[in-house]
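**Q** Here it is: the structure, laid out below.
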Amino acid sequence: MSAQTSPAEKGLNPGLMCQESYACSGTDEAIFECDECCSLQCLRCEEELHRQERLRNHERIRLKPGHVPYCDLCKGLSGHLPGVRQRAIVRCQTCKINLCLECQKRTHSGGNKRRHPVTVYNVSNLQESLEAEEMDEETKRKKMTEKVVSFLLVDENEEIQVTNEEDFIRKLDCKPDQHLKVVSIFGNTGDGKSHTLNHTFFYGREVFKTSPTQESCTVGVWAAYDPVHKVAVIDTEGLLGATVNLSQRTRLLLKVLAISDLVIYRTHADRLHNDLFKFLGDASEAYLKHFTKELKATTARCGLDVPLSTLGPAVIIFHETVHTQLLGSDHPSEVPEKLIQDRFRKLGRFPEAFSSIHYKGTRTYNPPTDFSGLRRALEQLLENNTTRSPRHPGVIFKALKALSDRFSGEIPDDQMAHSSFFPDEYFTCSSLCLSCGVGCKKSMNHGKEGVPHEAKSRCRYSHQYDNRVYTCKACYERGEEVSVVPKTSASTDSPWMGLAKYAWSGYVIECPNCGVVYRSRQYWFGNQDPVDTVVRTEIVHVWPGTDGFLKDNNNAAQRLLDGMNFMAQSVSELSLGPTKAVTSWLTDQIAPAYWRPNSQILSCNKCATSFKDNDTKHHCRACGEGFCDSCSSKTRPVPERGWGPAPVRVCDNCYEARNVQLAVTEAQVDDEGGTLIARKVGEAVQNTLGAVVTAIDIPLGLVKDAARPAYWVPDHEILHCHNCRKEFSIKLSKHHCRACGQGFCDECSHDRRAVPSRGWDHPVRVCFNCNKKPGDL
């Protein structure tokens, strides 16, 4: 701390002499003030004193021109806060202490101390110096806020307008490691919320847009960073405004409140309305019921290094009046905060979520409004870190993102609030049981975390949904609840043996613990109902997107078809190569002379699509080149090639050039004549066989539809793959997932897995999504 004193520093305070006389005689000019030594010190005394071990860490300041020390007696007493200590007016040379006016009267107004010699400080110079310092500080603060701009944080549809943490920090224009708090403002539309923030934090600059028109100028949630107080300031949309999506916008306010450390409720009414107390009371109840749990989960899910307090923010009710007195003016003995609590109690609202509620009022006889009292109250609360500590901006963004992801989605008109600002319907799952109509009690979007629906009451049976569940009676009596389903065969039977047993003794009910507990045709007569003997029935809720619970899982017919298809497909795949080779050779033998041989056609002559082994190649009857089906789907007469007046297959180019006759010589026509007759005969035979195959396909489709399990989507309703949305065609076959029953292409359903809940105990086809589900299907 000590240093050589320059000549310029000497003579700054010629009236202030060293008060220690430790290394001098007390005649040297004071250069330092040590608050812990309670004295002014010259350079030599300061250096010699603070070489000692016990005095080495004392805080010293270098004196400025016109410096006046603090009073030594009243320093630190209750009632004097740091920064408002009394300055001394005299120094007692005998007692060697500095005294303010009050302490001098109290201690030196009588007795021998009255005759003690004193040194008077120049207080007028001090006042001018302090005013200059305050002016400099005010100018510095204004300069810090000159470049502050606000940005849209969340729009009116509850969608966050910043992409990630880095984008949020960049728009705030603060350091990533800066610790800050969040201050937000609420109130009715037109009460001057944006104007209040501009004058309280930004010295009147229009950081948040204001407007004299009737339309609200603040739509959604806007944010800005105050570098002076190191807070993120959030401006919100006003209540009671003429807006659409009112329910979603009201829910958005509670998300902002949940991430705030300090909330200002701005009201410009001559008397406090009930809307204020109802809003804060309902917000407190919804915060405790829905948000505290989610904020705790956010801490664990996002790996936040700062705990999010379950206590809500502090609230300041900023009340501006014109014609009426402020709250508590007619009851000087009662503080306004107690009157506020009484109003809450009368309305049956209990704001337990908020850490504290404060009242700050101002009466505006003549504009402009005085915001200094609000600013001082805010600064005191921001310094209090007992409940809510400052945190990194990334933590604030993660909390807002987690709340937005959880509590999002449209709110139906029939769930609009009538008696409460924040009804449960704004935050709970909107799914209703299809059987009894009861709503789910879980939070919104709980399905993303794998949490199933749950209702407060029991369900009733509906024949339409068959919402029964069988549980093994023997396991239930042992204290376990094990669900069982009727199915074709036991898990220990092979597929073909299971079909044989099913044909003889009917379906089975198998328990994982007890094995096969029931067969429907175990005896020739006298078979009892399983509900009376081995299972118990429970009625469960039917939520949207789920199937019935005891639908017919007897899939014997489908298993038989699957087995036959597997064998037929295997034989077909083994014989595909030789069959195609023979077909191509035979086609080339009877093809006209101008046709390009199949062996030379490797890709479509127009779109250049490469042909696979099982793809069909088509010849244009006009030019003779090879094409795919889509590039040669048109027909027209080609008499110049000997095909007569009947329309035949041609490529797209020849179809468009149909008015241009090809120059074909008579020699060419004679040469093609013999092979053309052979080709016509071949096509006639092929068309006849194709008609027979089509006639066989129709009853085969009926058989497949009859064998389809009840939970499968019918083939005629499946137009595209349920996962990749590709449209089905002759080349793209339909496949059913044995778990969900939806239609998929082969690429999206190539996994194999047992589905015991549907009666498939051996690995069968399942889709990509069902295969990702944990546990048994």
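Cβ coordinates come from backbone N, Cα and C, glycine included.
In case it's useful when we look at the structure, here is the feature table from Swiss-Prot:
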REGION    416-777  region 'Required for localization in the lipid droplets'
ZN_FING   598-659  zinc finger
BINDING   CYS604, CYS607, CYS628, CYS631  Zn(2+) 1 binding site
BINDING   CYS620, CYS623, CYS651, CYS654  Zn(2+) 2 binding site
ZN_FING   715-775  zinc finger
BINDING   CYS721, CYS724, CYS745, CYS748  Zn(2+) 3 binding site
BINDING   CYS737, CYS740, CYS767, CYS770  Zn(2+) 4 binding site
**Q** Go through CYS651, CYS724, CYS745, CYS748, our binding-site residues, and report the one whose Cβ sees the most other Cβ atoms within 10 Å.
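**A** Max Cβ neighbours within 10 Å, all protein chains included: CYS651.
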**Q** Would you count the other C-beta atoms found within 10 angstroms of the C-beta of CYS604 (Zn(2+) 1 binding site) for me?
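**A** Its Cβ shell of radius 10 Å holds 22 other Cβ atoms.
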**Q** Cα within 10 Å of CYS628 (Zn(2+) 1 binding site) is the criterion; apply it to the binding-site residues CYS651, CYS654, CYS737, CYS740, CYS745 and give the hits in sequence order.
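**A** Checking each Cα against CYS628 (Zn(2+) 1 binding site), the hits are CYS651.
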**Q** Nearest to CYS770 (Zn(2+) 4 binding site) by Cα, among CYS607, CYS623, CYS631, CYS745, CYS748 (binding-site residues)?
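**A** Checked the binding-site residues CYS607, CYS623, CYS631, CYS745, CYS748; minimum Cα distance to CYS770 (Zn(2+) 4 binding site) goes to CYS748.
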**Q** Would you mind pulling the DSSP three-state label for CYS770 (Zn(2+) 4 binding site)?
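**A** SS state of CYS770 (Zn(2+) 4 binding site) = helix.
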**Q** Under 8 Å Cβ-Cβ from CYS607 (Zn(2+) 1 binding site), six or more apart in the same chain: what's there?
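**A** Listed in sequence order: CYS628, SER630, CYS631.
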**Q** These are the binding-site residues: CYS631, CYS721, CYS767. Which one scores highest on other Cβ atoms within 10 Å?
**A** CYS767
**Q** Report the member of CYS620, CYS623, CYS628 (the binding-site residues) whose C-beta atom has the most other C-beta atoms within 10 angstroms.
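**A** Output for this query is CYS620.
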**Q** Per residue, counting other C-beta atoms within 10 angstroms of the C-beta, which of the binding-site residues CYS654, CYS737, CYS740, CYS770 reaches the highest number?
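**A** Checking each of CYS654, CYS737, CYS740, CYS770, the winner is CYS737.
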**Q** Return the member of CYS623, CYS651, CYS737, CYS745 nearest to CYS604 (Zn(2+) 1 binding site) in space, with distance defined Cα to Cα and candidates limited to these binding-site residues.
**A** CYS651
**Q** What binding-site residues among CYS620, CYS623, CYS651, CYS724, CYS745, CYS748 are found with a C-alpha within 10 angstroms of that of CYS767 (Zn(2+) 4 binding site)?
**A** CYS745, CYS748
**Q** Kindly state the mean pLDDT of the zinc finger (598-659) in the predicted structure.
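**A** Per the prediction, mean pLDDT sits at 82 for the zinc finger (598-659).
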